[in-house]
Amino acid sequence: MQGAALLAAVIFASVLVGLAAGGNFYEECDATWEPQNCWAYDDGNRLSLALVSSSSGSMIRSKKQFVYGTVSTMIQLVPGDSAGTVTTYYTSSLGDNHDEIDFEFLGNVTGQPYTIHTNVYAAGVGNKEMQFKPWFDPTTDYHNYTISWAPCMIVWYIDGVPIRAFRNYAASHGVAFPTTQPMYAYSSIWAAEDWATQGGRVKADWSKAPFVASYHGIDLDVCECYGGGCVAGCAAGLGDATPRYCSLSATQVGKMQWVQSNYRIYDYCADPKRWINGQKPVECDLAQY
């Protein structure tokens, strides 16, 4: 099944899945790249993004710009042979020296697991990758992906399980951390045949196109911010919620350690080839939760 028939089948199947909806895509997002490959349906509670060729994917962006909070959505990734494709959910500011917090899902050949790629950028510098293989099949059902961003730390969650934390050591150890630039939330699908699957050895099979990722609900529990003067106010506005954003419970830490012990497949802290001048990044020896 190909082309429009495949898209119709995916949309029909998605509508049948009964899940609690988040925010409305009509109200919360704009299509900012290749809008013809983006469909909202079920009164805006669901969305499909399609990759139809090596140069034609799709992207949506939140209407809200914000500093701090949590952004969350449910995603059912491209099924079958998804080699060479990247599906994303991330936050980013604008401009060259941007801040960014990433969830990227790197496709694979049929029967092989996706790679869940995480990273964080501050002032345009990233190089803090951590990757996981999923402990579930992300293509047969929707799963929740959440980014929590606070002045003290960033946490990535899957289905409520923290998989990674990155604490703010900017003041104490000079580790760059995103605190000064308002961000948007993004979702996209695009081709990355040169690196996404097995280091670029496996390319996309374009006879299988379109590749379709499905989204259900978007929740933005954030401090809206549209100018430099609001950054400090958003940090102060966390108030009594600060402990929720700045610490993990013992149970959460245990779950994160379980994920990292069993399903982490790459950590920049354990890759000397990536270290600058052979020096291990200072944050790698500091507690992250």
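In case you wondered, yes, glycine gets a Cβ from its N, Cα and C as well.
All annotation found in TrEMBL is predicted automatically rather than curated by experts.
Residues or ranges marked as active site, nucleophile in TrEMBL: E100. Around E100 (active site, nucleophile), taking its Cβ as the centre, 18 other Cβ atoms fall within 10 Å, counting all chains.
Annotated active site, proton donor per TrEMBL: E104, in sequence order. Taking a C-beta cut-off of under 8 Å and a sequence gap of six or more, E104 (active site, proton donor) has these contacts in its own chain: V86, T87, T88, Y90, I116, H117, T118, N119.
For 19-215, the entry in TrEMBL reads domain 'GH16'.
According to TrEMBL, the N-linked glycosylation site annotation covers N108. On its own chain, N108 (N-linked glycosylation site) has S82, A83, Y114, T115, T197, Q198, V202 as residues at least 6 apart in sequence with a Cβ closer than 8 Å to its own Cβ.
TrEMBL lists 1-22 with the feature signal peptide.
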